[in-house]
Structure formats: C-alpha cells, structure tokens
Amino acid sequence: MNKRMNELVALLNRYATEYYTSDNPSVSDSEYDRLYRELVELETAYPEQVLADSPTHRVGGKVLDGFEKYSHQYPLYSLQDAFSREELDAFDARVRKEVAHPTYICELKIDGLSISLTYEKGILVAGVTRGDGSIGENITENLKRVKDIPLTLTEELDITVRGECYMPRASFDQVNQARQENGEPEFANPRNAAAGTLRQLDTAVVAKRNLATFLYQEASPSTRDSQEKGLKYLEQLGFVVNPKRILAENIDEIWNFIQEVGQERENLPYDIDGVVIKVNDLASQEELGFTVKAPKWAVAYKFPAEEKEAQLLSVDWTVGRTGVVTPTANLTPVQLAGTTVSRATLHNVDYIAEKDIRKDDTVIVYKAGDIIPAVLRVVESKRVSEEKLDIPTNCPSCNSDLLHFEDEVALRCINPRCPAQIMEGLIHFASRDAMNITGLGPSIVEKLFAANLVKDVADIYRLQEEDFLLLEGVKEKSAAKLYQAIQASKENSAEKLLFGLGIRHVGSKASQLLLQYFHSIENLYQADSEEVASIESLGGVIAKSLQTYFATEGSEILLRELKETGVNLDYKGQTVVADAALSGLTVVLTGKLERLKRSEAKSKLESLGAKVTGSVSKKTDLVVVGADAGSKLQKAQELGIQVRDEAWLESL
C-alpha cells in the first residue's frame, strides 16, 4: 500500500502544479478526483502511512485554538514609497552614487498579505505572517490550505522564502456572494478578504476560499547572484512567481513599464497597487544596504489613489500621545477604494491654511497609501461659505494653552499631565508592536483610565484580576485572560518595552538596534549620546531624544517601578558585543559546512559581532567557506577579500 500511496501523492502533486502553477493541466478534473478519492481511502485505512506532502492536508477540517508568535530568522523590512517620476529619479540618483551602472528589475506589487515560508529538507515547516517584521504569527496550518503553496519542494534543501498571499478577484466575488446569501457582511475588498481568511481558526474555511500566492524573494542567503535568477530558481522549486516583470537600465524604461501596467491593471485577475523596483544584482544590494526601516536598493511606486468629492460637515480635534493636536474632517459619506468613508484626516493647522479649507467646503478625498482617508484639496468652484474653520487655542482634553512652534506644522499641548496624552501613551504601550498585551485595547484602556485604575504604564503591572471586574462588560473569564496577558508581557525582550515607552523618534527598529548594542535598558540609560549616535543606522536626533527622556526624573522613577513589578529590562535576542573578535565586520558564509549547521555558524558569527550577509561585495570584510564554495569564493579572491574555513570559525 505504501508504494501506491507514494505514487498517488506524486501524481496528484504533479497535476496540482500543472493546474495552479503552470495553468496547463494534463488530466481532466474527473480523473484528478478519482485518484484523490483513491488516496483518501488508502489514508483512511492506513493512517500511520500518510505522507507529509499528501494533498489531503489541504482540505481543512482542523479547528485551531489560536496563532502562536513566531520570531523571523530573517527580518522583513518595509519598502520606501514613491508616488511620482521625480521620486523615482531621486531613488536612481541615490543608487548611482554607490553603483555606477545599475540594472533594475521591476515586479508587480501585489495587494495582499506578506508571508514567510520556511522549508527544512524541502518540507514546509512554518508559514508566518509579516507581523512587525521581527515577530509574526504562525499560520502554517492555514497556509497549507492555499493550493499553490508547495508542501514539498523539488529539492531537499533548507530555505526561507517571501511572498504575497492574495485573493483572486473571481474568488472574492464568490466569497462575497456566499456571504450575501447567508446574511453576513461582505468584505470591502480582496485584501481584507484575504486577511480575514488567513486569520480564520477553522482551516476548512481557508481551504474553501481559494487564496493564491506569488513568491518573490529567497530570504535565507541565496546562491544566486541576481533577483532575476532568484525568481527563476523559485519557479524551479515549485513556487508560483509572477511572470509580469522586466529588467531596466534607466528610469525611462521603468516609467514606460509603470504606464503599461497602469493601463492593464483593471484587466488583471488580481489586485495590484503599484510596481516594485529593485537593483537586480545582489552584490550591489549588499553594497547599498539598509536604513533602519527599509532597503536602500528598492522602492515601491504606488499608483495614484482613487479620489471622490465630499462635503465638509465639521472638524474634530484630538490629542495624540506626543501632544500633537490633529484635525479630522467629518464628511458626507462616499465610497472610496471599496469602503465607506465619512471621516478623513486634515493633517495639521498648517495644512488647513495651505489648502485654504473653509466651513462647508466641497473637498476631494483620497486614501493616502490606499489606507488612510485624507482631504487632498478644496473644490473652489463649489464653495458656499467664506467663513474660516475654528482653530482651537486650548487643548481639547486638558484645556491648557496650545503652542505652535516655528519649526513645526502642528499645534501641540505640552502639559505632561494631559489626560489624552497619558491615555494614548497607555494604548501605545499595550499595542501589538510594543508590549503586545492581548485584549488590552483602546476600549479597556479608556475604562481603566476613567476608573482611575491606571495613571502610567507601571500601573498596568499593579492591576489584579478583580480590578477588571469593576469595568462595565468585563466578565470573570475575560478578566483572567487580561491578567494573564499582562503577566506574560513581563517576559518580553526589552526592545518591546523601549518602543512602548513612546520616546520621540525611537521606533521599533531603532529600539531593536539600541538593545542589540547595549543589551539592557539600564545600560542604555547609562550610555552617553555620542555612543548612541555612533551606532550604524541611528544618529544624533535619536541620541538627543533619548538623552532628553532619560534626563527627566520621571523616567528614572518609571524604570525603577517597572523593574520592581517584574518587567524584564534585558534584551533576549542576539546581542552585539562591541569589542568582540569580529565586531563591525561584514561576513559571508558560502559552501557546505561539515560540522556546523549554517544557522549555527550564522549565530556564532553574529555573537562575535559580525553582520552576516548573503552576497560578496566591496563592503564584505571576510568570507567563511565550506566545500563547493563556487562563485562567491571566486569573487572574494578577485576582490582580495580575506577567506577563512570552518575550522577557523570553530576555533574562535
């Protein structure tokens, strides 16, 4: 029976690849169904012999308890956006300062959800959401139900790949029709539908909704020397790669491709929101490197957003956690990019003055970045009133005088005891990218604050289970879960805490870099600003902001109270030792190591202060080689780069 099961699995997987990947099926649907039923019968009779790559794993039927957090071995960065030809020219100019004659590759920007797939010996072991780029959610069981994701590869290798999971337009129409017939609310657009599907705990629902993928990058160190070759290799392994792409030598060629794609966009069977432009050569990518948030070798051109007219009804003013007062327009409802919009940001007082926005104006509304509704401009021909908008002089939360500094575009409340700022700071502290306290969302925080149960973030860790029962709508089970989530967050690595403190200019990526270097918040507290400013990708603005924050008496008291309540202040990831043997060196691993796993070798190099990259370039300091090192060894020798072997690495 085992032989026949192997034959059936191989046949069915081949036919599935022909259907979903190549769009060239060699058997009829009825023949596929007959073989599939035969396999199901054999697996029912011999469950102990079910193969890891059996297509029956895709049917669903498993109900999950939830999704566990998963740390990405290779971080997922965001891309810098471009919205005009001029911004593409500026990107090209920056690249050419480092790379004399770059070739670019242009790929479609799929409007879906970023995913990371990890394979060991060619078998899918983890499928993970992007999350914050460092930590995502393990949705492996759901991604196994996406029919074009291979459960096994054509080669038995360890590899991590990146891609987009999306819902084709035809599937979206079918899903919404079914929801309409069942009296359920329809999804606003295919991206929302894909996101909702991947968050399903019932894998059978995922299997029915016909999601699809395009893979676009090998995240683990690649043996290819260009993005184009990498895409072809992904196809060889069994992944679906979008065929619509070009190589370009200049911005004229890129712009022509963008115009062509823009005209074809509505006829595609899936949604796209732009074109991604990357430097094709991987060694040049290494030379260009990264900022804190994004690669310097890529940019995402975004298509112009859809625009609609709406009438301005009124303006609300709200205070953020840094004291900035933001105006929001209340509008007559309009349909915009698949959703109903009745509120849109007016950004700040300077923007209102610049656009000359007045009471009852008809305005043009769009979605900035296809996400945030914003007022773009006034339709002056439809103006009905010359009366200007009322600009507040006092904080809408604490009534303190508002200030408008010369170097800032927004009004600001500088009262440190402003209730709105404190509450927004608490919400930020508990958010996913910060301390990630499940269940402690804005509504619960507002109730805790109103009940005077929390005044600062340290108070969160003084809460007891019974405190939550004082809040309207919170039952015993929810109170227990909230308390447990707060206790669990005490064990977070310290970069989550640092970001959660809401220090100006210190984002999540900067927090991680700081803690990798200083190892604990207490060490960072003692550091001088010159040392902070010297860290690669950071600088004087962040250093000054930290110095200002830590100079306040309140920050010292808060850190002491957090430590007393049991909150971890130490970094739990891979740290950088300033005086380590390889501190500050860029190292490439290549070839097959005999004794160390590649992941072990990478971890050891990083623990010794090295930055491990995938391609050899002029910025590479050292190459560690194993057997069959190939082109990377040859390039290192051509560039005169130091070469060492596995035994040398083990001796350190």
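Backbone N, Cα and C define each Cβ position, glycine as well.
Proximity of LEU79 (NAD(+) binding site) to non-local residues of its own chain (separation of 6 or more, Cβ distance below 8 Å) is seen for VAL276, ALA294, PRO295, ALA298, VAL299, ALA300, given in sequence order. In this structure, LEU79 (NAD(+) binding site) belongs to neither helix nor strand by DSSP; it is coil. According to Swiss-Prot, the feature NAD(+) binding site maps to ASP29, SER30, GLU31, TYR32, ASP33, SER78, LEU79, GLU107, ARG130, GLU164, LYS278, LYS302, an assignment based on sequence analysis.
Taken from Swiss-Prot, the feature active site, N6-AMP-lysine intermediate applies to LYS109, supported by sequence analysis. All protein chains included, LYS109 (active site, N6-AMP-lysine intermediate) registers 22 other Cβ atoms within 10 Å of its own Cβ.
DSSP classifies CYS398 (Zn(2+) binding site) as coil under the three-state reduction. In the structure as shown, the Cβ atom of CYS398 (Zn(2+) binding site) sits within 10 Å of 15 other Cβ atoms. Residues annotated as Zn(2+) binding site in Swiss-Prot: CYS395, CYS398, CYS413, CYS418.
Feature annotation from Swiss-Prot assigns domain 'BRCT' to 577-652; the stated evidence is sequence analysis.
Under DSSP, residues within the domain 'BRCT' (577-652) fall into helix, strand and coil as 25 helix, 18 strand, 33 coil. Computed over the domain 'BRCT' (577-652), the whole-number mean pLDDT of the model equals 79. DSSP gives LYS278 (NAD(+) binding site) a strand state. Reported as a whole number, the C-alpha separation between LYS278 (NAD(+) binding site) and CYS418 (Zn(2+) binding site) equals 45 Å. For the recorded Zn(2+) site, residues CYS395, CYS398, CYS413, CYS418 set the reference point as the centre of their Cβ atoms, and the other residues of that chain within 8 Å of it by Cβ are VAL319, GLY323, PRO396, SER397, ASN399, SER400, LEU402, ASN415, PRO419, ALA420, GLN421.
Counting in whole angstrom, LYS109 (active site, N6-AMP-lysine intermediate) lies 16 from ARG130 (NAD(+) binding site) by their C-alpha atoms.
Under DSSP, GLU31 (NAD(+) binding site) is assigned to a helix (H, G or I) in the three-state scheme.
Each of the binding-site residues ARG130, LYS278 was scored by other CB atoms within 10 A of its CB, and the lowest score goes to ARG130. With respect to Cβ neighbours within 10 Å, the binding-site residues CYS395, CYS413, CYS418 differ, and CYS418 shows the lowest count.
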